[in-house]
């Protein structure tokens, strides 16, 4: 959520910056709500002051032996008026808060202009896409014949966009998770956390999925729970309604969870294979840092996600998303896109974002500034390190041979019991 003071003091400038991402801020509605709030707040304060003055007068009149009943009746009437004003103020503040909850984050000045992915800017590349001297198979063709990837049974068990993995494919999937967790905890300084896969609405409001994106979520309405769309939600909310001490920040968390998304609006997209599933898994990186550290933290976090791809010998590129292509809560996002030979293109495998204090303000996540001793809002960041299913796809397609065998990257072999080749003929 944006700082209300920013909107009060810099309304037109903020509206112009939000327009970069294609969002039209309703300045008239905000100005009206804010004016009404201020008017009622002033009226409420005046009533409180007047009631306090009259209450004090009762004591003075009583000490003089005067009749205090008229004063008591007046104080009672003022109390009723004050209660009514406080109710109106509370309702108006709730309306204003709901309005603020629907406003996305302001893009950082370094974010490229543009309204869609065509305006994203390539920052760097790593690795060269492999040149094959045989017809390239995509991951479906590599995984189906042996039954490693069983889309038919997944559809029978649940429906479209679900998959069963068997044998060495399930083992490889598990190996990727363990490899990522070990890398981030041992080399990058993250604390591993295990979190609930079901969360309440407050958690989703804190990170920005609610109220605007409820259609993308799986909702267990009778219990008030939602299946998590990403570990970002429960992990970032570890700091909700909390004041961390200076020694606890910066904090780095890593968590492996399943993720559940309805894929509303994705009908007809990536219907083949593992690229877009209702249920998939990610290893998520979250950082909670003081404001002055967040931009360095974004570069570091992005590098941590990149390191996974480098160790798996997978070519990729890093893209700075333009203002119109960023997520609702983000101030700046880098997408890491891995090369997929089966599609002959780069596909997103991680989004690394700095939210500044946007999420922290929504969830009241703070730390105590050691210099002032006062609580200040944290800056929050997150990124996939990595999406496990898409990493699996990339390993299959980039490390295949002419016989349809998969050569296991050296970094994964200890997690595969020393296995060097997955051979569908064996």
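Yeah, the Cβs are placed from backbone N, Cα and C, and that goes for glycine too.
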Stated Swiss-Prot location of region 'Disordered', expressed as one of 44-64, 65-85, 86-106: 44-64
Further L-serine ligand in Swiss-Prot, beside 230, 231, 232, 384, within candidate set 284, 292, 299, 313: 284
Among 232, 263, 348, the most crowded of the binding-site residues [Cβ within 10 Å]: 232
Near-site residues: L-serine, ref 230, 231, 232, 284, 384, CB cutoff 8 A to centroid: 233, 235, 255, 257, 259, 282, 285, 286, 382, 383
10 Å Cα neighbourhood of residue 261 (ATP binding site): matching binding-site residues from 230, 231, 232, 284, 384: 230
Residue 351 (ATP binding site), number of other Cβ atoms within 10 Å: 22
Residue among binding-site residues 230, 231, 232, 284, 384 with Cα closest to the Cα of residue 262 (ATP binding site): 230
Spatial neighbour of residue 351 (ATP binding site) that is closest, considering only the binding-site residues 230, 284, 384 and their CA atoms: 384
Nearest-integer angstrom distance between the alpha carbons (Cα) of residue 349 (ATP binding site) and residue 384 (L-serine binding site): 8
